Amino acid sequence: MNFVRHRLFWPAAILVALLASNIFFSSGFFSITVHDGHLYGSIIDILRRSAPLILVGIGMTLVIATGGIDLSVGSVMAISGALACLLIGDLDNQNSVIGVLLACAAGIVLSLVLGIWNGTLVASIGIQPIIATLILMVAGRGIAQLITDGQILNVTSAPYKVIGAGYTIALPVSVLIAAGMVAIAVVLTRRTALGLLIEAVGGSPTASRLAGIQARRLTIMVYVFSAICAGIAGLIYSSNVSSADSNAAGNLIELDAILAVVIGGTRLTGGRFSLAGTVLGAVLIETLNVTTVSIGIPVETTLLFKAIVVIVLCLVQSAAFRAKVLRRPSRVGASA
Amino acid sequence: MVSKRWTAAVLSGLLITATLSGCGGDDGDSGSGGGDGKLVLGFSQVGAESGWRTANTKSIQESAASAGVELKFSDAQGKQENQIKAIRNFITQRVDVIAFSPVVESGWDTVLKEAKDANIPVILTDRAVDSQDTSLYKTFIGSDFVLEGKKAGEWLVKDYEGKTDPVNIVELQGTPGAAPANDRKAGFADVIKADPKFKVVASQTGQFTRTDGKQVMETFLKAQPKIDVLYAHNDDMGLGAIEAIEAAGKKPGTDIKIITVDAVKDGMTALSEGKINYIVECSPLLGPQLMDLAKKVKAGETVPQRVLTEETTFTPEQAKAVLAERKY
């Protein structure tokens, strides 16, 4: 019974239930075949589609762990994808690998600058995170539209397409990129003191400052990390369809990312965080998206269906709720 | 004090430039105000949110120039208050005809009454207003989304004429609740329901975007054992779906027939390559018709309350022929 009390037991159970429900509607749901030398199947689709949300989610997790929030991630995605596509479109040879890499680097560097902007507003100027990042959330989409001139920018670059739609060693490149970034985040926060410091800042900025932690620098760092993650997610998003759509790219992803973080058990008030939980949350959200289409929920009720699943999930995650409904009065405090 | 005065000076300077460029229109002689017998048309555009809209603006500007109409153009940047201001300006300037593409449906009665009192006829373009009093505007010119859906359905019926095998259709809908999505769905369903062999096996929203179109199609391809036809409410979703179909090792246009609506340049390119089979046009190029209507209402002729944009449909061959001169 010990694993039932694990923080991630309930989200994992819901994920399994969602996946299992697909089998009744689409018999080949779990089949994974090899197709053109890479894996092909619904499960692979879910992983591939989760990649941008996982990236944005782990950045968001660290920001939320410091007690902040980053609403600008969707706009950063749009900007980075738009800049990369603009630069690739200007290349003499769109299939030049170096040119594409430079364009992607430019997108990521610009994201980094935007992260510094967010971090400075929050840490140095002291604006509330929700307001500070709201500025870039609104204005950022304008910047992206300026870059693309309000149009959808198309590119016909084979190397660029690999990032979001390509495969290497039979696995989707986007999933490998996301896994790499998760690994970096885990190593940085769990193998060094960085994670502890971030949790300390989120727990009590004043106490951590008095304890000698450079809270300001740390805060700027997490916003930069979040923006870089969003920038990479933006590249994956635009590469997936070989075009930059500054209106649609990353639209409302900040809310999905916050949901993924919350499902993963990180508290919005800051402090302890779980990267594994966020990854699970992101995969769960995309599984939900695929499931609604796969089992044929009508368009009019799609959002209602998603809402019910999320509400059920949040309720069963609440120890207090479980104690009331399942009549297990003990251990209320244990996992709350 | 000095700095304040400076700011004021700079601001008023900016305002003057803005006003000048606002009235200047395209041919630059706004001062004449129709004194040379030219028809003066005040047009307030929604904004420049998409390639479709940009093409719409260009069409109106170009056809005004070629029809000898003096155009006073104003961009509302997506805000109703800007549009109301622009219309009031047009009334003060005593233009001959006012035309505008309303940002939203409601809240126009007051300003339209002012135009009516000033005896300036109003033409709505591309989007409607929900005023009860239809005497507030002369006519409304724009696309009929239901008709677009019907045209898509009619092609399908004709293409499968004489065959009896069931036809499995998947549909990518636009943004839920948007008029083009609702109407294109209804028009299509209306036509194909006559023949029971047509069956819409799955229908989901692709939000009018390429990414969603691709993702939903990926899932359709795995969930549906057999898909014969894809009907997408716009080109972008169709283009996304093409990528999903190709990734699944199928040939778009051959293994799965594709019908879309809009006929933007990217869609037309795919059509000419045979990846899309049929596109129903939703044209932004209503400039020439608008100039024609403006001249008629100015001359006091009666015009119909509802004028449809001249729109056509495209097969791959037709797409090849017109692709080079496609503006948007």
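Quick reminder: no glycine exception, Cβ is built from N, Cα and C everywhere.
Annotated features in TrEMBL:
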- A:12-34: transmembrane segment (TRANSMEM)
- A:71-91: transmembrane segment (TRANSMEM)
- A:97-117: transmembrane segment (TRANSMEM)
- A:129-147: transmembrane segment (TRANSMEM)
- A:167-188: transmembrane segment (TRANSMEM)
- A:218-237: transmembrane segment (TRANSMEM)
- A:275-297: transmembrane segment (TRANSMEM)
- A:303-321: transmembrane segment (TRANSMEM)
Recorded stretch, among A:97-117, A:129-147, A:275-297, maximising Cβ pairs under 8 Å relative to the transmembrane segment (A:71-91): A:129-147
Interface check, the transmembrane segment (A:97-117) with the transmembrane segment (A:167-188), three or more C-beta pairs under 8 A: no
Same-chain residues near the transmembrane segment (A:12-34), Cβ under 8 Å, at least 6 residues beyond its ends: 40-44, 170, 280, 283-284, 287-288, 290-291, 294-296, 309, 312-313, 316
Contact set, same chain, for the transmembrane segment (A:167-188): CB under 8 Å, 6 or more residues outside the stretch: 34, 37-39, 44, 47-48, 50-52, 54-55, 58, 62, 194-195, 225, 229, 232, 236, 239-240, 275, 279
Within-chain partners of the transmembrane segment (A:218-237) [C-beta distance under 8 Å, separation at least 6 from its ends]: 51-53, 55-56, 58-60, 62-63, 65-66, 68, 70, 72-74, 76-81, 84, 104, 107-108, 110-112, 114-116, 118-120, 122-124, 133, 163-164, 174, 177-178, 181, 185, 197-198, 201, 249-250, 253
